[in-house]
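*Asks:* I'd like to ask some things about the structure below.
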Amino acid sequence: MNVHPETERIELRLLLEAIYLKYGYDFRNYSMAHLKRRAEYRLSLSGLASISQLQHAVLHDEKMFLIFLQDLSINVSEMFRDPPFYKALRNEILPMLGTYPSFKIWHAGCSAGQEVYSMAILLHEAGMRERGQIYATDFNRAILEQAREAAFPLAQLKDYTTKYQQAGGENSFADYYAADDERALLCSFLKERIFFSEHNLVTDGVFGEMHLIVCRNVLIYFDRELQDRVVGLFVDSLCPGGFLCLGSKESLKFSRHAEKFEVVREKEKIYRKRRDA
Amino acid sequence: MKRAFKAVVVGVSSGGLEALKILVPGLRKDLSVPVLIVQHLSPQADSYLALRLDEVSGLKVKEAEDKEFLQAGVAYVAPPDYHLLVEPDGSLSLSVDPKVNFSRPSVDVLFETASDAFGAALIGVVLTGANQDGAKGLARIKRRGGLAVVQSPESALADAMPRAALESTNVDHVLPLREIAPFLNNLLIGPSHANTD
């Protein structure tokens with residue numbers, strides 16, 4: 001079938017509107033090209049012929065909606081993804097965070113928790129774990145359950161170990177997990193002081209008085225308008241002098257809120273909220 | 001009559017650095033459209049490819065940034081480990097979605113989203129590579145009325161990717177690598193008079 005692109009865009013908009021009206025999840029300001037690909041993926045698996053048919057299915061069958069909701073959730077993550085970023089966190093940001101008697105960290109869009117546990121390991125090695133509170137949020141309830149479990153496929157361990165070392169890790173990464181036949185289970189002490197909870201960056205509000213927000217490779221899925229809204233949410237959630245960490249190809253360059261931050265590490269995308277912002 | 005094209009997308013894999021060093025410097029800097037390039041690279045690769053190509057090309061070459069708007073006469077290279085997508089409004093998006101054809105960035109992802117954005121006004125170019133990426137995307141470009149160009153397998157360092165593209169659809173032009181830039185210049189700007197810079 002050869003549907004005109006403009007017709008497909010209309011179908012896609014109607015699908016997003018339907019999801020919003022019926023279920024309250026708002027994807028209307030997500031990257032259209034991304035959404036279209038996810039919809040096509042679902043069409044190819046479920047034998048539906050058009051986005052309009054998917055809309056019908058999603059409206060009339062909540063199970064279909066939940067399936068499509070998982071399709072729209074980005075769950076590609078790694079521990080110590082972009083090692084230079086974690087090295088900069090370890091060497092430059094944590095010492096500054098350590099000057100506070102207690103501190104709060106928010107991982108927004110935390111997926112299955114790989115980056116949250118990477119942070120927990122850094123705090124542990126810096127001797128700062130007891131003073132910190134980590135809030136890890138995602139809109140996807142199922143992925144939060146996985147995050148709480150802290151179990152990862154054995155196949156990923158080699159990559160995680162390499163990245164841990166590249167990020168300046170001095171212990172043996174094997175100290176942090178116990179492996180069974182299929183999975184590596186992270187040590188439960190790493191879970192202490194982590195709160196997992198549902199939070200939707202698109203529709204939910206401020207998370208107060210954070211000293212550090214980590215939100216990496218989430219903003220790229222939003223259009224500029226929604227990026228602005230979410231960065232605004234971060235501005236309001238950070239205490240003065242608080243840090244914001246984005247993905248390696250994300251930046252505040254195009255953001256309405258750019259002037260409220262100073263750049264701490266250009267390449268690692270670490271920003272600091274100005275005291276007067 | 002000259003067809004009104006709005007963009008060129010290029011997909012290339014193994015043998016790509018050598019191929020791009022011939023293709024991109026061969027393009028004229030007054031090219032009336034943007035050029036988008038997916039080259040398969042190691043996820044750990046640095047962003048040197050765009051810099052290197054920029055040094056040797058008249059055309060401005062840069063790494064694609066999330067949410068930037070396409071400009072005529074600029075070549076955008078997908079960053080390592082990110083898919084590059086074209087939005088309907090002519091801006092770019094990056095994503096870390098799962099690999100497609102074992103690749104991130106994937107040629108199919110760029111070609112399919114660019115085809116959605118530009119329809120018949122798109123030129124797809126598949127160059128050397130040892131996999132199947134780009135075949136599906138080129139077929140969509142053709143289905144939407146765009147123009148499909150493939151490097152002749154004999155002139156490719158790795159011929160699997162051009163061959164897969166040729167099998168996927170009715171390709172318009174099969175050209176040796178060295179003729180692709182002059183062909184695009186001619187198609188997009190017109191016949192060159194004397195030697196251009």
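The backbone N, Cα and C atoms fix where each Cβ goes, glycine too.
According to TrEMBL:
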| type | residues | note |
| --- | --- | --- |
| DOMAIN | B:1-181 | domain 'CheB-type methylesterase' |
| ACT_SITE | B:Ser13 | active site |
| ACT_SITE | B:His40 | active site |
| ACT_SITE | B:Asp133 | active site |
*Asks:* If you skip the near sequence neighbours and keep only those at least six away, which residues in the chain come within under 8 angstroms of B:His40 (active site), Cβ to Cβ?
*Replies:* B:Val12, B:Ser13, B:Ser14, B:Gly16, B:Ser103, B:Pro105, B:Val107, B:Gly129, B:Asn131, B:Asp133
*Asks:* Which one of the active-site residues (B:Ser13, B:Asp133) has its C-beta surrounded by the most other C-beta atoms within 10 angstroms?
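*Replies:* The residue with the densest Cβ neighbourhood is B:Asp133.
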*Asks:* Summarise the model confidence on the domain 'CheB-type methylesterase' (B:1-181) as a single mean pLDDT, whole number.
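*Replies:* Its mean pLDDT is 95.
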